[in-house]
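A.B. asks: Here it is, the structure in full.
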Amino acid sequence: MGCLGNSSKTAEDQGVDEKERREANKKIEKQLQKERLAYKATHRLLLLGAGESGKSTIVKQMRILHVNGFNPEEKKQKILDIRKNVKDAIVTIVSAMSTIIPPVPLANPENQFRSDYIKSIAPITDFEYSQEFFDHVKKLWDDEGVKACFERSNEYQLIDCAQYFLERIDSVSLVDYTPTDQDLLRCRVLTSGIFETRFQVDKVNFHMFDVGGQRDERRKWIQCFNDVTAIIYVAACSSYNMVIREDNNTNRLRESLDLFESIWNNRWLRTISIILFLNKQDMLAEKVLAGKSKIEDYFPEYANYTVPEDATPDAGEDPKVTRAKFFIRDLFLRISTATGDGKHYCYPHFTCAVDTENIRRVFNDCRDIIQRMHLKQYELL
């Protein structure tokens, strides 16, 4: 009995335990409430779009503009990726010279051994970037035949940053090379999986989710649809004369339009508005002004397209460029206005993802829209 009596707690002890439990519960509830409020206050943005549209570049811009950019160690880690871009670019161009129809010969036959060297190192994954490699790349890039093949890059699969890095081969080859922010923005690395970037603008928290755009990556998107404030859909406008990597047949811009339509009409996303980034405006302008690839050859309806009266061109913009960019904008708006249910809206913006000032201005313009979507999301509007 004595032992039992000693092990049992007095009413006073039990009261103390109960009080401690209540205090602990109160602290937990307070923390949970704090987390709920923080979650509700966060704007979650989902970046969607077809492969190579510029989604990851937008994320990099958010880091440059709103996080602290890239530290020296991160820049150092990107050197190998940038040099790999150089290798991929020159291998692709040199290999395409004999496969495109009609084929393109080297302008200087003395460069043949350089071309053979580049083709021989193509399959090597763990490649050492020697001075010999960079010298061959530089000489080949100066060859007018290689340049002529590059000009026909819509006929094969070439990364967008090819010209940018090939023109900067002298700096990229330096032993003490340090990539600039622009180099990091241009660097192409395939996005696989889901990447989250967190940043704050004027004390407002943003979580941006970047998902791979290639067809086999899209099944992962559904994981990100829960509680999204807005979708930022990125479309590469300059891709009107290109085909996708996945099948080497489907027009890239058509693929982007079809994907946009499937997202717009997705029953799980009927109340989520889309901010449309009509990207790669710089490359679109270059193609249109070069006049080699006519939009009407790929989109016959362009022949009868008239620019809307309310269209506002950029200062000094060529009318041909204005017509092209608004035509592509209207292809997307035709999809978003077809339903007309008033449950979600499409807000188009012309962007150049590698231009930091352009993205700063566009994102600032979007913040009011995102705020309204956020208030609507939690029925505060």
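Every residue, even glycine, has its Cβ placed from backbone N, Cα and C.
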A.B. asks: Out of T42, T191, T229, which does Swiss-Prot tie to the same Mg(2+) site as S56, D210?
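C.D. replies: The one candidate that Swiss-Prot places in that Mg(2+) site: T191.
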A.B. asks: Looking at 120-128, 183-191, 219-227, 237-245, which stretch does Swiss-Prot describe as region 'G2 motif'?
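C.D. replies: Region 'G2 motif', as annotated by Swiss-Prot, spans 183-191.
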A.B. asks: For the record in Swiss-Prot, which of the ranges 206-215, 256-265, 296-305, 366-375 is the region 'G3 motif' one?
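C.D. replies: Range annotated as region 'G3 motif' by Swiss-Prot: 206-215.
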A.B. asks: Of 44-57, 72-85, 142-155, 310-323, which range does Swiss-Prot call region 'G1 motif'?
C.D. replies: 44-57
A.B. asks: Among 131-138, 195-202, 275-282, indicate the range for which Swiss-Prot gives the feature region 'G4 motif'.
C.D. replies: 275-282
A.B. asks: Any residues 6+ beyond the ends of the region 'G4 motif' (275-282) with a Cβ under 8 Å from its own?
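C.D. replies: Tertiary neighbours of the region 'G4 motif' (275-282) are 49, 53-54, 58, 160, 230-239, 260, 325, 328-329, 332, 346-355, 362, 366, 369-370.
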A.B. asks: Tally the residues of the region 'G4 motif' (275-282) by DSSP class, grouping H, G and I as helix, E and B as strand, and everything else as coil.
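C.D. replies: Secondary-structure breakdown of the region 'G4 motif' (275-282): 2 helix, 5 strand, 1 coil.
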